[in-house]
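For reference, the structure is listed below as structure tokens.
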């Protein structure tokens, strides 16, 4: 776009500025309109799950409901506690929203990349980490015990789940050999646009782990402890009202949206799908955008489904789930991902292994054969690990939480 | 607890056995159930059978309404006879006494001629804002005059409007019959019998024609039924002591009575002519606005007493204060 403007006669710095402004505006508008759509989408879906009809009065099918709610929040009183740290209290929602908006910079809209960073994955992780700062600022700045507790719980959760979340991406990076989201999308374009990572054992487990950890990152049920609205009165958002509260909400939904986008990009092939390459050009780009949005909103639907089904976890269950269950699985997944990569690229990438150490050459094996071996091996590793860890975790839970009949009979407890 | 009303596949029992391998089967099954609910609510027909546990249960309220059961009760109303326009209430005060939040206030009607109470209410005020819809009043009423309404759309921006007076409480019997036919047919006979008895005990003018002003009531022809012919005929006559008295009494007795009454009236009015209209207006007005005062039936007393034992300036002062208070209350 900048090139086109330069050709029109703008100075180069000016054309870059204009082009960037337009892009930023588009992303911001896309993000917040997406968020508005999501609130409607979530409420409608969850109401159908509960045999209700949901918002359907404001506008056709209730589509203008978010706008009416925006007007409502804007006209509400904006109260700040007298003893609050005014600056921190004010900046907390700004930091939260800023962190979320940043991650929209690298999200591929189909095959259109606003910015193609070669470390986009790292960038997404880094901006995601900023959330905990905003949360702590809100909790601390409110000068309220409940807000502080909510903030602490939120930060504890965010930090705990950041680790499995980040490590769940590593298999993808290993398989692609790049941290650029564009490269990752391109790498999933085999088999007529259906070579998504989720179809490999490594990717499937990685997808499940990443999505679960992302639920916790986005404070979605069953991990919505920081703002557990029915127990600790909105947690770190206790002292926020009016538009500030709405900004928290906005950032929350936008980060959920971002999580869906990133998951779709990393594991579900982004905008890849049958027919994209065949069409090519602008039509192909449009089709890829449609694919991408469909995948993302399907993922969000799963989030809603989980919200409608699963009850909230207790804080200790939450922690033990992250550290004792997700983390070991993620480590095993990284291991099996390296096996996967090694088996598929045995000769191309590390010919030295055969040359120097006399490892068996697979140069004469077919690609399908290698693929079969890789699938078998990683499936074995992953399934075994899942079974083992689940078993251990179950037993652990049982020991601590329940008294079995035998124990009762023996008088052990 | 029985779960028999649920479909069997909705009940999922998680066996918490140490030896069993649990890998989220419960959660997967739960997600499946919720998804099925979603599908049925989205693509299925809206639920019309309440025994069914699936499908949309919504009623789009202002446009669609559920049929209320006959025994549904919201706020009390008073009934009057369509044919004669006579209200069924005899101001027996049963409902006022049983009312737990004490929101019913009745003023008994008096024979304008003799000043004696008659079986009818002069005013009947119900505070809808404090009423708890218990229905005790309707149950205790021996004349089936007070019944529970089905109208629940009572919201208003004007709070005092919820102190509902006689005229706004009255509904024709046909209205109640329409909302609760079997409940009315159970009590119809005795209620109408009692009504006829009570009409006989009222002097002619008491009992009114409500046809015009009550919502839901068709305009009532006054002389519609011969049975109640006496009442409308009396209503047509000019109200006043003389008219009522002069029926069955000898001439001189009537003259005596009139003179006594005139004397009484003069006494009640006091020397002060200005106080007289206040005294007359007081019972009703005071009941509507200031219920504690009405309960003691006091208002006519003090006003009348002003003229007797007070000095001129004191009385003037008191009058001024009272006038100010009345003005404040917006009379």
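Residue numbers in this text run from 1 along the chain shown.
Glycine too: its Cβ is placed from the backbone N, Cα and C atoms.
Annotations in TrEMBL come from automatic prediction, not curation.
Non-local neighbours of the transmembrane segment (A:12-41) in the same chain are 1-3, 5-6, 55, 62-63, 65-67, 69-70, 100-101, 104-105, 109, 114, 250, 253-254, 256-257, 297, 300, 304; each lies 6+ residues outside the stretch with a CB under 8 Å from one of its CB atoms. What TrEMBL lists as transmembrane segment is A:12-41 (among others).
Among the features that TrEMBL reports, transmembrane segment is placed at A:87-107 (among others).
Residues annotated as transmembrane segment in TrEMBL: A:119-142 (among others).
Sequence annotations record features per position, and here TrEMBL assigns transmembrane segment to A:154-174 (among others).
Proximity of distant same-chain residues to the transmembrane segment (A:194-216), defined by a Cβ-Cβ separation under 8 Å and at least 6 residues beyond the stretch ends, is recorded for 157-158, 160-162, 164-165, 168-169, 171-172, 175, 187-188, 222-223, 259, 262-263, 266-269, 272-274, 299, 302-303, 306, 318, 322, 326, 329-330, 333, 336-337, 340, 375, 378-379, 382-383, 386. Under the heading transmembrane segment, TrEMBL lists A:194-216 (among others).
Under the heading transmembrane segment, TrEMBL lists A:246-269 (among others). Under 8 Å from some Cβ of the transmembrane segment (A:246-269) lie the Cβ atoms of residues 31-32, 34-35, 38-39, 70, 73-74, 93-94, 96-97, 99-101, 103-104, 107-108, 121, 124, 128, 131, 134, 138, 169, 172, 181, 184-185, 188-189, 193-198, 203, 206-207, 210-211, 214, 217-220, 237, 240, 292, 295-297, 299-300, 303, all in the same chain and six or more residues away from its ends.
Non-local neighbours of the transmembrane segment (A:289-310) in the same chain are 38, 41-42, 45-46, 49-50, 108-112, 211, 215, 218, 220-222, 256-257, 260-261, 263-265, 268-273, 276; each lies 6+ residues outside the stretch with a CB under 8 Å from one of its CB atoms. Residues or ranges marked as transmembrane segment by TrEMBL: A:289-310 (among others).
Same-chain residues lying 6+ beyond the ends of the transmembrane segment (A:322-343) with a Cβ under 8 Å from its Cβ atoms: 157, 160-161, 163-164, 167-168, 170-171, 174-175, 200-202, 205-206, 209, 212-213, 216, 350, 362, 370, 373-374, 377-378, 381-382, 385-386, 389-390, 392-393, 396. Marked as transmembrane segment by TrEMBL: A:322-343 (among others).
What TrEMBL records for A:371-390 (among others) is transmembrane segment. With a cut-off of 8 Å between Cβ atoms, the residues of this chain six or more beyond the transmembrane segment (A:371-390) that come close are 200-202, 204-205, 324-325, 328-329, 332-333, 335-337, 339-340, 343-344, 365.
Distant neighbours of the transmembrane segment (A:87-107): 27-28, 30-31, 80-81, 113-117, 120, 123-124, 127-128, 130-131, 133-135, 137-138, 140-142, 181, 239-240, 244-245, 247-248, 250-252, 254-255, 258, 261-262, 265; these residues of the same chain sit at least 6 beyond its ends, with a Cβ under 8 Å from one of its Cβ atoms. Nonlocal intrachain contacts for the transmembrane segment (A:154-174), taken as residues 6+ away from its ends with a CB within less than 8 angstroms of a stretch CB, comprise 121, 125, 128-129, 131-132, 135-136, 139, 184, 197, 202-203, 206, 209-210, 212-214, 216-217, 219, 223, 225-227, 235-236, 266-267, 315, 318-319, 322-323, 326-327, 329-331, 333-334, 336-338, 340-341.
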